[in-house]
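Below is one structure, written out as structure tokens, with a few remarks after it.
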Amino acid sequence: MSQIAIDYTYKCVLLDIEGTTTPISFVHDKLFPFVTNNLENFLNKNWKNNELQEQIQLLREQAIKDVSAGEFPDAKAIPEEIDNNEEEVKNAVIQNITWQMKLNRKIAALKSFQGYMWRGGYESGELKGIVYQDVIEALKRWREIGIKIYIYSSGSIAAQKLLFGYSDNGNLLEYFSGHFDTTIGSKLEKQSYEDIAKEVKFEPTEILFLSDNVKEIVAAKSAKFKVAIVDRPKNAPLSDKDRNDFIVFTDFLQVLAHPEFIASQG
Ligand SMILES: [Mg+2]
């Protein structure tokens, strides 16, 4: 059966992850518990590993700052490892990470440690990135018709690559022409989208940005991107105004079929 050729008004798509390609709860329901639930085993299994010790050193340096800052009554130092105090150091590391994660801190040493554990989890197959099935169908279709696909997420590029590289549908990285994170700028700033357009070498009007976050959608639109809101289960509720101002999709196949994004024939 031959497919009818369709002309799309965009040549490039830029995709958010959480709440768009992936359930909004993925980080809180899968990634964070993976760290807290597996921490002790992970430390025991990898204790002699140099990379683990480097990660712990970063935590130790951060803990010194936290203790001396005086604003965190629960902050405790992580002792240096000397003869026979392995258990004491391990317990201090567990206490430190548990404490920081309860505060949901975004501090570099913690993020680095979490990323290190997640990489191990993905590589061993214990962790899988969750990507909606309709996203995979759309990725295939976009690639078939020559539309370039990029990711823009506040998760680091390294974390993005793990999520898609070890997804529950296998390695999806081949679909993407590139990745952006907040090193290019905040997702709420018009300038970030202008800079992304320059990087991907398309006019802003040729790029379709899909996200669950209305503020991001507003920023991208102000940079003249085409935009649509993605409304997945458990996403933040949209207001009547949001629904009035923007196109809202509940899955990616609707994007491919929407008349607004199909160039008029002749
Ligand atoms: Mg999102």
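Glycine is treated like the rest: Cβ placed from N, Cα and C.
Per TrEMBL, substrate is bound by Ser153, Ser154; the candidate from Lys128, Lys140, Lys187 named for the same site is Lys187. Mg(2+) is bound by Asp16, Glu18 in TrEMBL, and the record lists one more residue there from Asp212, Asp231, Asp240, Asp242, which is Asp212. Distance noted between the C-alpha atoms of Lys187 (substrate binding site) and Asp212 (Mg(2+) binding site) is 12 Å. For the pair formed by Ser154 (substrate binding site) and Asp16 (Mg(2+) binding site), distance between Cα atoms is given as 9 Å, rounded to the nearest Å.
Secondary structure from DSSP puts Asp212 (Mg(2+) binding site) in coil.
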